[in-house]
Amino acid sequence: MKTIQVDLPEKQYSIHIEPGMLNHLGTWTAKIWTPRQIAVISDSHVAPLYEEQVIRQLSDAGFRVAAYQVPAGEASKNWMETIRLYRMLMTDHFQRTDGILALGGGVVGDLAGFVASTYMRGLALIQVPTSLLAQVDSSVGGKTAIDLETGKNLVGTFYQPDAVFIDPDLLATLPKRYLAEGYAEVVKMAALSGNGFWKLIEQINRPEDMLLHAEALIEQSVTFKAGVVMDDEKENGRRQILNFGHTIGHAIELLAQGKLAHGEAVSIGMVQLSALFEKYRLSPPGAAAILTNRLQAAGLPVASSLIGTPDFYEKVKNDKKNRGGRLNMVYLQALGRPALYPLPGDRAGLFFSGKMPEQER
Ligand SMILES: NC(=O)c1ccc[n+]([C@@H]2O[C@H](COP(=O)([O-])OP(=O)(O)OC[C@H]3O[C@@H](n4cnc5c(N)ncnc54)[C@H](O)[C@@H]3O)[C@@H](O)[C@H]2O)c1
């Protein structure tokens, strides 16, 4: 059992990582919550695999349980599903003293977290992430969100859970493409962290190694992300480094219209951005090659013909993380030494075509 403590000014809680944890979920939940009614929110892929076991665990521990399902996939992060969940909570007479347990990937975590933070001004929340992305990234940090027609994650809250329970064994049923996607975020965090975390990444030489080392990869990622979040919960400063690779990634993910998954786009974004920063001599020679080597070992793509098109420049310029007309791009001065490069939006074309004049760098 690995435990990582998250200490924020208004909330302290623990993230527990243990293979087989789902078999003890009732006991663990009873350590955190007094007897109450719990809504287990899951999706149509995860529920058939794990919901029965979770309900049994919670019932045996003395909780009353209601189970709600949403269709698997990003499309469920919307108002319709949010309102449907509110209505089910109303029908089952959920009170402010009850709780929500999110059992699923990042979609369920974001949606159930949003519902928990808004229903009756806030129900207690426990995250039980089931995808690698959710176990290493989205369940840590307290961001909840739903999407609007105009973009992803445009409505949401910062809402910390009472606990996060991570069972790496659940990854055995996760489709391989999603495993690799989550791993792109792991490589990102290892590159930002450097040292021992990067040494671990050097041991992942085939997709199967991700599962063999899952517990250690999750522990390192959660420790790193929790540390960043504790420094800067609301993303006003250091938390921005987690956007490494995301400016290019967001743009090509949108342009690929569903053909590139988010983690794949981030993988390409990290490598291509590092190649540019190498060219501008802000990242050391070989930075892009080191990342390429590690990402390809997990079967991730590192290049895309979408980069450099007029649509690409337009999307980069309008990136949602654009602040006051500036793109705060993250680059590596070295492994473990990230830095921010504020690029005026109107210079994006020059910068990304590799033609930024020397005096402007
Ligand atoms: N809140 C945050 O800080 C944060 C950070 C990063 C990403 N996100 C969000 O996370 C979402 C992506 O998360 P995701 O990649 O987990 O997507 P997801 O939740 O859609 O899960 C991916 C797929 O795997 C299935 N699945 C999950 N766990 C499984 C398991 N153990 N066995 C079998 N199938 C399983 C799901 O049903 C789904 O089909 C996006 O909506 C993104 O915006 C949030």
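Glycine too: its Cβ is placed from the backbone N, Cα and C atoms.
Per TrEMBL, these features apply:
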DOMAIN    68-179  domain '3-dehydroquinate synthase N-terminal'
BINDING   G106, V107, V108, G109, D110, T130, S131, K143, K152  NAD(+) binding site
DOMAIN    182-322  domain '3-dehydroquinate synthase C-terminal'
BINDING   E185, H246, H262  Zn(2+) binding site
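Highest Cβ count within 10 Å among the binding-site residues K152, H246, H262: H246. Less than 6 Å separates the Cβ from ligand 1 in the case of G106, D110, S131, drawn from the binding-site residues G106, D110, S131, E185, H246 in sequence order. Each of the binding-site residues G106, E185 was assessed for Cβ neighbours inside 10 Å, and the highest tally belongs to G106. Within 8 Å of the centroid of the Cβ atoms of E185, H246, H262, where the record puts Zn(2+), the same chain has further Cβ atoms from D137, A184, K188, G245, G249, G263, A265, V266, G269. Mapped onto three states, the DSSP output places S131 (NAD(+) binding site) in coil. Residue counts for the domain '3-dehydroquinate synthase N-terminal' (68-179) under DSSP (helix as H, G, I; strand as E, B; rest coil) come to 49 helix, 33 strand, 30 coil. Sequence-distant neighbours of S131 (NAD(+) binding site) (same chain, 6+ residues apart, CB-CB distance under 8 A): G104, G105, G106, L171, L174, Y178, G182. Taking Cα separation as the measure, V108 (NAD(+) binding site) is nearest to H262 of the binding-site residues E185, H246, H262. The binding residues for NAD(+) are recorded as G106, V107, V108, G109, D110, T130, S131, K143, K152; their greatest pairwise CA distance is 21 Å.
Within the domain '3-dehydroquinate synthase C-terminal' (182-322), the DSSP-based counts of helix, strand and coil residues read 96 helix, 0 strand, 45 coil. Non-local neighbourhood of D110 (NAD(+) binding site): K77, S138, K143, T144, A145, I146, N153, G156, each in the same chain, at least six residues away, with C-beta under 8 Å from its C-beta.
Every protein chain considered, the tally of other Cβ atoms within 10 Å of the Cβ of V108 (NAD(+) binding site) stands at 30.
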